[in-house]
Amino acid sequence: MRTPGIFIFGMVLAPCGWILELTSTVAPAWRTINNIPGESSDLVLQQGLWDICKTFTSSRDIQCNQQDTQYFSAQIIQIARGLMLSSLILNLIAIGVASAGVRCWTDKPQWTVAGVGGLLIFISGVLTIIPVAWYTHIMTSIFSTSTDVRVGYCLVLGFIGGIMEVLGGLVMSFGLCRCCSRRNRNERPRTFAVKPTRNPSPPHRAPTVSSVSSISSVSSVPYYSKQSEMDFTRAKRQQDSRPANSTAYKARPYDTDL
């Protein structure tokens, strides 16, 4: 059987979202700081969740592993680290569960398992969007040596990856609705065999009525009309009214004297 489209959609978006989410977590570019007082004008400070790098636009030199205890001690940094790592791990588990449910190598997918995998992917996307949106909202209030604070590309990748995971997981979670309603448009309906009885009754046959012409041609009894029957009755009555002997003896005149 062909793999349902909702599973293909989810299985494509989930790994893509995980790659973008991993890049957003590791790369040190959640925000960039320009025009730092006392520093070169071409210096750009890139700050992430785990590292801080100095970039010079004129020479394109990069110096990472910069220390900033005030920045890393911010509450949003600690929370974002935990949520992003949890999202990465959960997404891997969800992809494994969804792959076992989709079962592209078999004829019938497991809708419940695939739906649970989609629900986990959806939760993983939500865990990614929460810290990214929160960091974007309070980005300018985090400790900075300059007022020229800009959004880094990691926030953009985090938003895109989280949205892809949310969409893919939401579509795959429809498999739970399909399982609950017991509707499978891609499968044939089940047929139940009926056990035959020991003495099956013969099938009922509708009585057949023969035509008049066939009856008259087959029957050996002569057919009489109503007029012929009346003539027969009248002739019989006339016969009964006659004397028993039509040549009966008539008395002669001279026999009376005897």
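Using the three backbone atoms N, Cα and C, a Cβ is placed for every residue, glycine included.
Lifted from TrEMBL, the feature list:
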TRANSMEM  6-30  transmembrane segment
TRANSMEM  82-102  transmembrane segment
TRANSMEM  114-135  transmembrane segment
TRANSMEM  155-176  transmembrane segment
REGION    190-258  region 'Disordered'
COMPBIAS  209-221  compositional bias 'Low complexity'
COMPBIAS  228-240  compositional bias 'Basic and acidic residues'
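Same-chain residues lying 6 or more positions outside the transmembrane segment (155-176) and placing a CB less than 8 Å from one of its CB atoms are 4, 6-7, 9-14, 16-21, 23-25, 27, 30-31, 84, 87, 91, 94, 98, 101, 111-112, 114-126, 128-129, 131-133, 135-136. Residues 46-53, 64, 84-85, 87-88, 91-92, 94-95, 98-99, 101-102, 109, 114, 118, 121, 124-125, 128, 132, 135, 139, 152-155, 157-158, 160-165, 167-169, 171-172, 174-175 of the same chain, all 6+ positions outside the transmembrane segment (6-30), place their C-beta atoms under 8 angstroms from a C-beta of that stretch.
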